[in-house]
Each structure stands twice: as C-alpha cells, then as structure tokens.
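Read through the structure below, which is laid out as structure tokens, and then see the notes.
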Amino acid sequence: MITRLNCFWLALFFLVTALTARANNPDAVLGVWKNGEGTGMVQIYKKGDKYFGRIVWLKVANDEAGKPRTDVNNPEENLRNRPLKGLENLREFAYKGENKWEDGRIYDPKNGNDYACEMKLVDENTLEVRGYIGVSMFGRTDVWKRQVKK
C-alpha cells in the first residue's frame, strides 16, 4: 500500500512540474502560425527579449496582374509598394507569464490599421491573438493554429 501511495505522489509531482515548466516557457510561442481565416501564415520569432512576427505565406500570394501582393491599404502612401510576404506585422511583445504575451502591436494589411495586441497560448498548437483599440475588451480575437512540419 505504501509503495502505491509513494508512486502516486511521485507521479503527481512530475505532472505538476511538467505543467509548470510548460506554462513558464516564454519561447513556446515561437514557430509558424496560420490565421483563423486560413489566408496567411506568420512566423513568430524573438529579437532580444521581445517577440515579433512576419508574414511568410499567403493563400493569395499575387494580385490580379500576377505580381506579389503589396501593402496597398497602408495609410502611408510611400509604404504601399512593399510586399506583404515578409512584412513584419507583429511587434514588441513581452512575455508576462502564464502563456501570455502582451504590450505588442499588430498590423492588419486588410485595412492598413495598427492595433494594440496580446497573445495567449491556449495549448501547444492554439494561439489566441487579440487586437484592440484602447482597452482589450474593445477588440477582436482570432484563433491561430501552429503549422507543424510533416
């Protein structure tokens, strides 16, 4: 009986340790993620102690003329010719613990707007990305899925 009880406590200890380690991994967000609409993929990477993302794939990569799509909706006219593929659209996220990255910005090339943003890793392959203006409750959450090499 004592052996089974010891095994139970030992297993519980390892389970709690494993869950705590996963919950406190700031780099768990790194990788390639597909947006909720399935129209694009963003690679999240780290520079210094901040997290950034760039567009690495587009479902519709070219415009009607067959040329790579550009940032045509950017409010700054001089930036409208920059390609969407390779565009850094996530900036300056800080890891805040508990699988949350905050204080970042997200650029939406569909409308040319820049928003405050936070991200939450729901599980290993699911990321909630919430863009908002002013207060987080006035925003929109998109659920991204990790893209795993096969």
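Glycine residues also receive a Cβ, built from the backbone N, Cα and C atoms like all the rest.
According to TrEMBL, the protein has these features:
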SIGNAL    1-23  signal peptide
DOMAIN    31-146  domain 'DUF2147'
### Query
For the domain 'DUF2147' (31-146), what is the mean per-residue pLDDT, to the nearest integer?
97
### Task
Count the residues of the domain 'DUF2147' (31-146) that DSSP assigns to helix (H, G, I), to strand (E, B) and to coil, and report the three numbers in that order.
3 helix, 70 strand, 43 coil
